[in-house]
Amino acid sequence: MRRGLVQGMVSVFSVMALLGLSASAWAVDAGDATSRALSSGNLWLTLGLFFAAGVGLALTACMYPLLPIVSGIVIGQSQSRWRAFGLTLVYTQGLALTYTVVGVAAASTGTLLTVQLQSPITTAVLVLFFVIMALSMFGLFELQMPGGFQSKINDLANRLPGGQLAPVFVMGMLSALLVGACMAPPLFGALAFMAKTGDRVLGGSALYALGVGTGVPLLLIGAFGSSVLPRLSGKTMSNVKRVFGVIMLGSAIWISQPLWPKGASHAAEFQTVKSVQQLQQAVAQANGKPVMLDFYADWCVSCVEFEKNVLPDANVKAELQNFVLLRADVSANSDDDAALLKQFGLYGPPAIIFYDKAGKLQTKRVIGLSSASDFAAHLQAVAGR
């Protein structure tokens with residue numbers, strides 16, 4: 001039985017890894033593509049496209065931290081398949097509704113709320129959350145709410161099937177913050193559409209469909225994982241929990257990257273621009289070379305990942321020699337930072353904008369994290385080589 005479970009887990013991760021490779025190309029121009037899809041005005045086509053996009057995004061590597069959470073829900077309950085499916089459904093609704101509310105609010109205010117929520121303090125809280133969950137999986141303690149508060153919640157929750165819906169829903173909301181970078185391309189496209197047209201209903205519905213789509217693989221794990229886990233012995237169950245504890249610690253390390261001390265950086269290759277005026281001057285002084293503008297923030301996990309894994313690639317470095325490299329560091333989220341983002345209809349990093357050799361703004365852009373090979377190909381296309 002243990003061997004079958006391990007093989008099943010390996011299969012899930014292997015399939016998601018392989019499909020995730022093909023999904024990495026989503027970052028290139030996806031924001032503009034989703035904005036165009038919304039502009040078509042066809043409700044069902046739009047919802048279908050966003051749902052399919054959500055399923056595709058669920059297969060990318062940055063969604064992996066959600067697997068131990070869902071598996072923890074299944075392990076923690078160890079009951080029927082329908083109960084596990086129901087709890088996972090509540091979890092994915094927390095995920096989907098969070099993006100809907102944040103997206104509509106962001107388009108209404110002109111500021112992406114997740115920019116505020118991805119501050120160092122919020123990142124530290126998320127890291128602490130995963131560490132506590134991991135220690136609980138290791139059996140160091142039983143994770144419970146304060147007695148008085150728990151009694152009130154239980155009185156309400158016991159009237160509902162399963163009695164654990166509220167905590168699972170909140171966990172889904174927190175997970176929406178965790179995987180914000182994965183959602184950046186279609187999220188930005190939907191926000192741009194809502195900002196231009198004022199159609200909050202269509203834009204919000206599309207974001208909800210996107211969130212539901214990302215939950216489909218998680219629902220499958222919730223439904224079929226429970227058919228295996230309840231049959232495990234107590235000792236094997238403890239070992240499985242420890243495995244997920246290790247995965248959660250790994251997730252905490254991944255989330256905490258923006259908090260690490262800065263080592264060798266590629267930032268020296270970039271000229272920093274602090275305002276729209278500085279940007280315009282830098283583009284005017286490009287001397288016939290195309291310009292790449294990188295929107296970056298210290299608290300942006302995907303920005304840090306791009307810095308460490310994409311920029312050092314040999315092919316990327318070779319292509320970047322043909323560009324004037326500019327960087328807008330919006331870590332402080334100042335008024336000048338907001339003005340720079342607004343100049344391009346952006347709501348936060350990561351995003352990369354291009355100008356051609358004549359200083360004309362290009363429509364092709366990179367929103368979210370792209371693989372090194374896709375990014376190198378995009379640079380070559382922009383440079384006209």
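Just so it is clear, glycine is given a Cβ too, placed from its N, Cα and C backbone atoms.
Automatic prediction, not curation, is the source of TrEMBL annotations.
Feature annotation (TrEMBL): of 242-260, 280-298, the stretch labelled transmembrane segment is 242-260. Look at the domain 'Thioredoxin' (253-384): DSSP puts its residues at 55 helix, 22 strand, 55 coil.
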